[in-house]
Structures are given as C-alpha cells and as structure tokens.
C-alpha cells in the first residue's frame, strides 16, 4: 500500500520482491509454498498473505522474511483469491474447492488463525469484496456472477439459509451451492440452466418480511451480458472492482475458447426487491474484444487507482483503456447503451504472453508479468 515493495507470485514455489522505484531485486522467497503461488495481498504496510495450489495460505512480515508468520490450513484444493476487510481484520480466501473461508487475524498465532467456511458454490473462479465490504462478488467458470448484498462476514451461509434475489437469468440451486466440496472445473464445460422456481419464491417471501431493503447476505445470481456470447456461454476468468465501488470489471472467454472480452458493468442500486420485479444490479456500459493470445491462461487486468483507466494484458504487452478518449470518470460518461472502451496507449516489452498487470497505488507506474517470468515496469507518458 505504501508502494515501497512490488511482490510477484510465481508459477512454481517462489515469491519475488522488488523495489519498484529502482527496479532492484530485494529478495526471493524460494520455497514460499510447496506448489504454484497464485495471489498476494497486503494487509498493511508490512504484513502480507500469499496463497497457493498447495491448498494453504501463508502470512509474511516484511521485517522478517526468513520465516512465515504462520500457515493457514482449511481449503482442500487450489487457493486462488485473497481479500481483506480492514475494518474487522478478517481475511477472506477462495479456492477451487468452491469454498469461501473467513480467517480471524485478530486471534492469529504461529499455529494459524481461527477460521470458518462462509460460503460454497460450484465452479468458483474468483471472489472479490467491494471497497466498503458491503458486497461480495463471485465469478464462476460456468458464466455466472453471484453477488452477496449487505454483506455480513460474521454469519456463515449454509445451503438454503440465505434469501435468493431473482435475476434475469438464473440456474438451479444445485449448480450454485452444495454442502459438499467439488474440484476445479475445466474452462468450457457446459452448465445446465434451470429456473430457481419454488425455491426462489420461498426465499423471496421470507426476504420480503424485512421492509425497506434486502436482508443481510441476500444472494443475487446473474449471467452478465457479454458481446458475441449470448448463445455460446462463457467463463468469467478475471474479476476486479472499481476503486470507488461504482463498477465491476470482468475478463470473459467463450466456452469454445475462441473469443475473449473485457467488460465493465455499472452497479445499479434499485428499489427494494419485490417478487414481481426481478432484481438486476449490473448494467453493461463498456466492452472491448481482446487478442485471445495464450488460450487457456487467465489474464488478470486492473483499474488505475483513480478508476479512470484499465490496464489489460493484450498478447505480448498491455493496453491502457479508458471510458472515453479523455480518460473521464465513469460516472461522467455513462452511455445509454454499451460502448467500446477506448485504447489510450499500448505498451509492448515482453517476448511471451502477458498474464497480469498492476498499477502502483501512488505513482504513475505500471507493472506487468508474462508467462516466461519476465516482469516489466513502465512509466507511461501521454
């Protein structure tokens, strides 16, 4: 958060640390995990967490990198995402076992942290919290986006214990949640689509007893509109959120793996939900087709710290995209119908497919990493 360290998660067992200003290599954690390192999240300016395909999460202190603070055990498959609620100091992780797990870092010891399973869904790909932690978004490899509204992380969700808000298109409850864990799902697998029917109505009647809005942890199930994919299905591989919580950013690939799109969806906060009025919280505002180079690999894109630009992996480089040619705020240039994202600048310096990119939180600087292991730092001039 103070931009003094750039951390890099590597395909094998390593975590690399760099000084982003001087580009100097600081340290390599050569055996940070026993398998691929997937994600890194700073909890403050010194403590950070890593997650891995070895099913564990590790906590690290920048002041003492020779040993882990502790290792967290709870997932049964590859752990892909780490989120953090700074208000409650709760760590939130998700993995290909379909589980979202909450860890209480307030009671962390060298043996780990108390934890509980918060939510489970089949085919889980990515999980994010909005900046104010009022919502949790979960994307799936079957093209569904789940939104938990009025989020309460202290309340675990078992099957059937939460109200379901009807969306334009939904799936059967067995495809969304189950009490057992399931393994990772291959991109491109088909998904049976059935209406929630009586289950939805039962939960709607329960939720309507609370006047003035939705109950805590109410679940909305969406199939976001993706250009060109209306009849073919898609996998939501990357999920990011606007730094001010106005929108969500998705990277989607077709089930036939021959098209790839970056899409922006505006959050729409409507009136209290009624059974006769299906809820739909997201509206597609901007999109652009991607190069679809490096099929089968997930490309992680991101918003700039002010939310005016998007940095997106594009072949052997990255593209900087804006909502208009002037890099205006999203709220100042919302179109009536979905419009193309504008390409502001393209930066190419890799010799392999770029998989991830990240803006510095404080400087005009961007980092990108490619499949061969090269990390590039840019200071673009406009």
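Each Cβ is built from the backbone N, Cα and C atoms, and glycine gets one as well.
Unlike curated records, TrEMBL annotations are generated automatically.
Keep in mind the model is a prediction, meaning the values are calculated, not measured.
Copied over from TrEMBL, here are the features:
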type	residues	note
COMPBIAS	170-182	compositional bias 'Low complexity'
COMPBIAS	206-217	compositional bias 'Polar residues'
REGION	170-229	region 'Disordered'
REPEAT	30-63	repeat 'WD'
REPEAT	72-104	repeat 'WD'
Quiz item: So what's the average pLDDT for the repeat 'WD' (30-63)?
Solution: 96
Quiz item: Residue counts in helix (H, G, I), strand (E, B) and coil for the repeat 'WD' (72-104), per DSSP?
Solution: 0 helix, 21 strand, 12 coil
